[in-house]
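S.K.: Below is one structure. I have some questions about it.
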Amino acid sequence: MKFVLLLSLIGFCWAQYDPHTADGRTAIVHLFEWRWADIAKECERYLAPKGFGGVQVSPPNENIIINNPSRPWWERYQPISYKICSRSGNENEFKDMVTRCNNVGVRIYVDAVINHMCGSGNSAGTHSTCGSYFNPNNREFSAVPYSAWYFNDNKCNGEINNYNDANQVRNCRLSGLLDLALDKDYVRTKVADYMNNLIDIGVAGFRLDAAKHMWPGDIKAVLDKLHNLNTKWFSQGSRPFIFQEVIDLGGEAIKGSEYFGNGRVTEFKYGAKLGTVIRKWNGEKMSYLKNWGEGWGFVPTDRALVFVDNHDNQRGHGAGGASILTFWDARMYKMAVGFMLAHPYGFTRVMSSYRRTRNFQNGKDVNDWIGPPNNNGVTKEVTINPDTTCGNDWVCEHRWRQIRNMVAFRNVVNGQPFANWWDNGSNQVAFSRGNRGFIVFNNDDWALSSTLQTGLPAGTYCDVISGDKVNGNCTGLKVNVGSDGKAHFSISNSAEDPFIAIHADSKL
């Protein structure tokens, strides 16, 4: 009995790090600004059959409507109430999505904006996505309700301007956003009520927006009020998966490690460093990736949520700077995402974006505010083209063959060790995941031609980067692995996709 009790305690303590994905699924996708109706369809027609574990959705709560500039993406990070009512859909549409996605084994993770309400400079009125009245000037949010007492103005009535002062970062206003007093039990209860409504509907967990701007103890107090996950889809006693947005590139007062007790943290160094390596900036080479992960000063693998780019830094916001790779850099981007999905470090998130017209002035994209594809503010449907790509300016990187097939690769090699590393001292590298998968990259300016130890059983394999295994045949390159586990690889430096990946399920 003691042993069982101990196990259940350990299970309880560790639950917030577990994404609760179905049957060995190892990656989630951020369907940024998608409508709930489109996500429900995508779970059924694509994400479930292709092995995706879950979806991070945009903030579902009521937000301010900003008309200057016209309906920017960032208006969704300015809450007005906790009603589920946004340009992605209403509460019934949200419930339908969660039910349909869970029913096919795809989890939903909500982007929870709980540090603040809208910006202090906005005018009073009902210009919100559900028409709720608010008055930022006197801190009135009647649909919650919050009043001035529930904000941090008595601790700090100005902006954050010194990131070496932890008190300022956590008590002052982030970009003018009214900072909630999460040390007050009333505020904690209102936030927990919102999150519990979502948990009861069936979500599996939360991204905590702006976690660095909240005290870890205040976050814990909110998490302690949360319900267990809905037993219709999750085992009894399951706790919500938590990943906290903590931008810690080093050199500031606040460290990501302060948040480990609450859940995982977003490792922003990951995409920034990987981008620098793939771009070959600052003398970086892929051969240096041999000790990728903790060896590069990242948080421990079981505390990391990793990504190549996110909705902020793909448009120059947040963290990472110019090295961040995005869909605009398609060739390098596919290599970076391929490396991430092949490497065992961290829990992985794939980005799915929308296109906009960029306009660089003095190195800054002055169009970085533009919201999702829309008709007069109504978000456009995600249409699917005959070639399985998306229309209406939705990029759908998660549907690119090279990325979708590497999500499957990660599932196949799950739990296998990082092994059989090879490099040429420059930008040609390869490694296996035990005896289940092997990947090789050529990011040099000359051809790769080498016989390498794959660690895989003998046979003919289909390269899942150049093609697919269909009815026992391969639409791309074939790789022959000998009885000694070795195979010959040739990759031109001018190849559209200068990498090859094979795995147990791609064996012909």
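A Cβ is built for glycine as well, from the same backbone N, Cα and C atoms used for every other residue.
Worth saying up front: this structure is predicted, and the values here are computed from it rather than measured.
Okay, these came from Swiss-Prot:
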ACT_SITE  Asp209  active site, nucleophile
ACT_SITE  Glu245  active site, proton donor
BINDING   Asn115, Arg170, Asp179, His213  Ca(2+) binding site
BINDING   Arg207, Asn310, Arg349  chloride binding site
DISULFID  Cys43-Cys101  disulfide bond
DISULFID  Cys85-Cys130  disulfide bond
DISULFID  Cys156-Cys172  disulfide bond
DISULFID  Cys390-Cys396  disulfide bond
DISULFID  Cys462-Cys474  disulfide bond
MOD_RES   Gln16  pyrrolidone carboxylic acid
SIGNAL    1-15  signal peptide
SITE      Asp312  site 'Transition state stabilizer'
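For the listed features, I'd like the structural context: burial, neighbours, distances.
M.R.: If you draw a 10 Å sphere around the CB of Asp209 (active site, nucleophile), it holds 19 other CB atoms from the protein chains shown. According to DSSP, Asp209 (active site, nucleophile) is assigned to coil rather than to any helix or strand.
The secondary structure of Glu245 (active site, proton donor), as reduced to three states from DSSP, is coil rather than helix or strand. For Glu245 (active site, proton donor), the same-chain residues that are 6 or more apart in sequence and have a Cβ closer than 8 Å to its Cβ are Arg207, Leu208, Asp209, Ala210, Ala211, Lys212, Val265, Thr266.
Of all Cβ atoms in the shown protein chains, 26 besides its own fall within 10 Å of the Cβ of Asn115 (Ca(2+) binding site).
When Cβ atoms from all protein chains are considered, those within 10 Å of Cys43 (disulfide bond) total 26, not counting its own.
For Cys85 (disulfide bond), the same-chain residues lying six or more positions away in sequence with a CB closer than 8 A to its CB are Asn61, Glu62, Glu91, Thr129, Cys130. Cys85 (disulfide bond) falls within a strand when secondary structure is assigned with DSSP.
Sequence-distant contacts of Cys172 (disulfide bond), defined as residues of its own chain at least six apart whose C-beta falls under 8 angstroms from its C-beta, comprise Asn152, Lys155, Cys156, Gly158, Glu159, Ile160, Asp179.
The Cβ of Cys390 (disulfide bond) lies under 8 Å from the Cβ of Val382, Thr383, Ile384, Cys396, Arg399, each of these being in the same chain and 6 or more residues away along the sequence.
Cys474 (disulfide bond): 19 other CB atoms within 10 A of its CB, across all protein chains.
Within 10 Å of the C-beta of Gln16 (pyrrolidone carboxylic acid) there are 21 other C-beta atoms, taking all protein chains into account. Under the three-state DSSP scheme, Gln16 (pyrrolidone carboxylic acid) falls in the helix class.
Cβ contacts within 10 Å of Asp312 (site 'Transition state stabilizer'), excluding its own Cβ and spanning all protein chains shown: 19.
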S.K.: For the chloride site as recorded (Arg207, Asn310, Arg349), determine the largest distance between any two Cα atoms, in Å, rounded to the nearest integer.
M.R.: 12
S.K.: Going by Cα-Cα distance, which of the binding-site residues (Asn115, Arg170, His213, Arg349) sits nearest to Asp312 (site 'Transition state stabilizer')?
M.R.: Arg349
S.K.: Beyond Arg207, Asn310, Arg349, what residues of that chain have CB atoms within 8 A of the centre of the chloride site's CB atoms?
M.R.: His30, Gln56, Asp111, Phe243, Glu245, Thr266, Leu305, Phe307, His311, Met351
S.K.: Including all protein chains shown, what's the count of other C-beta atoms within 10 A of the C-beta of Arg349 (chloride binding site)?
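M.R.: Looking across every protein chain shown, the total is 25.
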S.K.: With a radius of 8 angstroms around the mean position of the C-beta atoms of Asn115, Arg170, Asp179, His213, what other residues of the same chain does the Ca(2+) site pick up?
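M.R.: Result: His116, Asn152, Val169, Asn171, Cys172, Leu174, Leu180, Leu182, Ala210, Lys212, Met214.
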